[in-house]
């Protein structure tokens, strides 16, 4: 109805213009009607101007409406009542259309913000590999995974291992794959799941990366604990009566040997029997002590976390290792950067872990000291009370440098890596760890020393897993440049990351 009224308004003005022009032309042919001629000309001009303003105003309002739609300016209002009957309703229609688009746009933006927040808070890293070689990191988890490395192209992913990028490129949609991810000198296991999506005619591969290293470590640790628990139970059940009977037999043979003192032949035979039975008893007791040591792998208490200054912790380790290092003539140096760096951990456990690594390094450099060192595993209980010990001042210390020079150096350092995690490194100048046994050193029961038990490093790994951290044998080329290891240290480097 509104558009019909507009049509008749235009037609009325057009007819008026045509009629006025026709009368004006007739008067020009018949002179003498000057006043009428002027009047008709004025009517024609006024009618034409009115027609032009009507059409121009309508076109202007329509153009304004289309521009508002084009540029998303949904706050425009259209008051067209001045154009005559029917245009007020048209203006209201324009305004209501823009309001509906505004509401729809607001709802769409709200959905997008909600989706973006959800994606950002998903704990699984999400990235896209585009056909042109570009990479998009969709959430905070992905950016945290890559750390300080800016990843914008697929080639940038090679910084985390060539095999990592190959796994992503070869992964098929709908299938899961396992990728090895190298970052800050650490090797992590990631599960990779991909899907193919098409956006604006362009195909991209959406990749989810889930770090399962902690789960793998926990499962492996639980398996070892179950195995050790079963073995220790069965061995103790079998060896305990053997040891008891062997000790009883030694006593019985001693009594019989005393009674046969007058018969040298029988006395000598009983002496041989006594020595054999005593050997059985001694070896049984040794095996029981050996098994008791492994029980610690299954009975580690939960960490009692407290705030620890690394310089205080290193000073305590130095005091515990001082005599052993002095006998081996090995110097001991500590560095903490920045000074006053602190760690939330179980103090007793950390002292035991560091003491074990320090003594392993010392034994690797100088296997035989001037006097037997205290057993690393029995030197200190995991809950050693050091509240009365004096704290060594400063970040650097040496253990009797005049007596320990020329035999090697152990370097204990603490710092923050590029991701802000506390890192402790224990480095030595020894021969290092051969590649063929490097992957086995954290396995329970594995040892390269004749008198070793294979407990120390396994216990160290268990303590670090209990703290939510990791321990690794670092390679020089893979180390985080923030780790404070002197270039001259060519031996083993153990890195604890919290």
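Cβ coordinates come from backbone N, Cα and C, glycine included.
Annotations in TrEMBL come from automatic prediction, not curation.
According to TrEMBL, the feature transmembrane segment maps to 7-29 (among others).
If you look up TrEMBL, you'll see 35-55 (among others) marked as transmembrane segment.
The domain 'PAS' annotation in TrEMBL covers 111-147. Tertiary proximity for the domain 'PAS' (111-147) is limited to same-chain residues at least six positions away from its ends with a CB under 8 Å from its CB atoms, namely 153-157, 160, 168-169, 181, 183-184, 202-211, 418-419.
Under the heading domain 'Histidine kinase', TrEMBL lists 230-498.
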Integer mean pLDDT for the domain 'PAS' (111-147):
78
How many helix, strand and coil residues does the domain 'PAS' (111-147) contain under DSSP?
18 helix, 9 strand, 10 coil
